[in-house]
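Asker: Sending over a structure as structure tokens; questions will come in a sec.
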Amino acid sequence: MVAQILFLILTLAAVALFTVNFRKIIRNIRLGKPIERNDQPQKRLMTMIRVAFGQSKMVVRPIPAFLHFFVYVGFVIINIEVLEIMIDGLFGTHRIFHGLGGLYDFLIGSFEILALTVWLSCAIFLIRRNILKLKRFSGVEMTSWPKSDANYILITEILLMSAFLLMNAADAKLQALGIGHYVNAGSFPVSQFLQNLLPNSESTLVYIERGCWWFHIAGILAFLNYLPYSKHFHILFAFPNTYFSNLEPKGEFNNMPSVTNEVKAMLDPAFVPAETAPGKFGAKDVTDLSWVNLMNAYTCTECGRCTSVCPANITGKLLSPRKIMMDTRDRVTEVGKNIDKHGAEHQDGKSLLDDYISREEIWACTSCNACVQACPVNIDPLQIIMELRRYAVMEESQAPGSINAMLGNIENNQAPWKYSPADRFNWAEGN
Amino acid sequence: MEFKVPTMAELMAAGEEPEILFWVGCAGSYDERAQKITRDICKILHHVGIKYAVLGTEESCTGDPAKRAGNEFLFQMQAMTNIEVLNGYNIKKIVTGCPHCFNTIKNEYPGLGGTYEVIHHTQLIQDLINEGKLKAEGGESFKGKKITYHDPCYLGRGNGIYEAPRKALEVLDAQLVEMKRCKTNGLCCGAGGAQMFKEPEKGNKDINVERIDEALETNPQFIAAGCPFCMTMLSDGIKLKDKEQEVKVLDIAEITARANGL
């Protein structure tokens, strides 16, 4: 009874804490500007099924795709086991679903195999990060916290899987001894090999079985509450992020309606704009970005596929699309904390541009869309870079000198170079 | 040129309408190297007998570099002025000589009142080959020659056009070799996003050199391009590597024109 009450309190506390932090993230995302992403629901759904559920963009890199697939499937399927743990924990039962008979044996057997593949995949991931030191996992933005974050996630998953397997091994041994409520249920294709490592004493086995059971569920609840602080949040946000992702051709950049109004009024004095959208052009801070940009930032799992294909980054420039996303998340988290502490009107005098992302970074972008193409969950770092450029150019008139010269040429000669419009057709005279 | 390139103004004065408008673009109009590509596109249009026209001095920058540099005002000013001209001539279909013009007119003009059927010149060449109007005969033979094609970002990733340029090369019976980074994974030449008009930021290599190194790994005789900016970047790279004699950078329009003896 005490255990049941303890279990109930633990679960409720974990869910409550997660809800509080999750709602803060939703609040932070809503600090972004509106953007219409509810059109074409069918196409959006198909994109989500293909890219998030189907992992279609992961296959470009077969080795991590293969390993990630095991962890992903393991995560989704082993959660069925969590349902049983929840019921057992609340009602003081043991292996409540054992009545399913052969199906139960099959399920537990599959979970064990999946647990082993998750375990091995995570171990290989740790080796790739810490021993092989793959280039993709380093970079200026990969400071100690992002690196530790990745390791914490992998180690936790290994520990959770170990506890699950060890629990089963102890359980099976108790079943064989015919002890109390340890009914004969389940098949143990993996944990049977652990049985020999365990002692034969009944009380020790019960301690191990119970210990692992509590560690497994407490670990899962703790992990749930780690998500809002971690890059691992992608396990939840990959789905809405792909659903609300851009469906237009990647080459198309949005036409700013506020500018259209002004240009129309300039070209035709009789034009009366339908609505005047106040505010600045482009983005100086995260609150000038759209909610999709901010959701992108919370979805980013810092895998670095974007940065590894960025032509600027490859050739040693400061720009790293992954840093753009990490900076955006760090800044919007900071803005959120300021709101919690000092109220919505508080200004801390900082901004995304300059305090987080430098001018040198935004001007190194070739807008080639390689980062957007590479992202397995359809994050768009390019849109953020463009919004920052728009602010720098339209609000501050701060662009590199040669860019200003090019803009001046278009304005005066209708071409980015200093040629006379009258000479535009001279090419036809050549051979 | 052996024939006169017709302008929209002339056609309109004669009470005629073209089947297609050839949007030349700023690079195609002013850049000496790109002018050759422009003339070759005209030669192809003339050769197959399509009724076409150009805007001549009435053409002006689409606004693409302004938009990518963050100046939406200037972009929309350019766009609306161009749309007025295009709509004034009742233009229905446009072929561009540049992926940047192509992307801008195709994707960004409709929202500002300019809706046209827009194709890139490699798509036109592919269509003409498919229709049997264009072959690879009567000119230089590319049979067995090693050609590698560089995907322009705004044609490839930007608009998903990977096949048309390759189809236009397949007809040559040449040996097409792909670079390590091609199609969706293609590496930018370094000119996009208004980089064409500025010095690169501090780094350890220029992007066009990185790309040329990769292209040269395929040991090509020809590097095929489909964009005047890529043409500049790739040609500069070849010059820097001192490979101008062994490797030629040619636009797909130039290759097509040569293969047909135009």
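Cβ coordinates come from backbone N, Cα and C, glycine included.
According to TrEMBL, the transmembrane segment annotation covers A:6-23, A:65-87, A:107-127, A:152-170. Marked as domain '4Fe-4S ferredoxin-type' by TrEMBL: A:291-321, A:355-387.
Any idea what these are sitting next to in the structure?
Answerer: Distant neighbours of the transmembrane segment (A:65-87): 11, 55, 58-59, 93, 95-97, 107-108, 110-111, 114-115, 117-118, 120-122, 124-125, 157, 161, 164, 213, 216-217, 220, 235; these residues of the same chain sit at least 6 beyond its ends, with a Cβ under 8 Å from one of its Cβ atoms.
Taken residue by residue, the domain '4Fe-4S ferredoxin-type' (A:291-321) breaks down under DSSP into 19 helix, 0 strand, 12 coil.
Residues of the same chain lying 6 or more positions beyond the ends of the domain '4Fe-4S ferredoxin-type' (A:355-387) and with a Cβ under 8 Å from any Cβ of it are 47, 51-52, 55, 57-58, 60, 234, 237-238, 241-242, 245-246, 250-251, 253, 282-283, 288-290, 292-293, 296, 299-301, 303, 305-312, 317-325, 327-328, 330-331, 398-400, 403.
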Asker: What same-chain residues lie close to the transmembrane segment (A:6-23): Cβ under 8 Å, and 6 or more beyond its ends?
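Answerer: Tertiary neighbours of the transmembrane segment (A:6-23) are 86, 89-90, 217-218, 221-222, 224-225, 227-229.
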Asker: Please indicate, using numbers and ranges, the residues of the same chain that are 6 or more beyond the transmembrane segment (A:152-170) and have a C-beta under 8 Å from a C-beta there.
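Answerer: Apart from its flanks, the transmembrane segment (A:152-170) reaches 71, 74, 78, 81, 108, 111-112, 115-116, 118-119, 122-123, 125-126, 129, 186, 188, 190-192, 194-195, 197-198, 205-206, 208-209, 212-213, 215-216, 219-220, 223, 226, 230-232.
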Asker: By a Cβ-Cβ criterion of under 8 Å, what residues six or more beyond either terminus of the domain '4Fe-4S ferredoxin-type' (A:291-321) are in contact with it?
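Answerer: Sequence-distant neighbours of the domain '4Fe-4S ferredoxin-type' (A:291-321): 25, 28-35, 37, 60-61, 135-137, 139-142, 146, 149-150, 231-234, 237-238, 240-241, 244-245, 328-329, 332, 358, 360-362, 364-366, 368, 370-377, 379-384, 387.
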Asker: For the domain '4Fe-4S ferredoxin-type' (A:291-321), what is the mean per-residue pLDDT, to the nearest integer?
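Answerer: Its mean pLDDT is 98.
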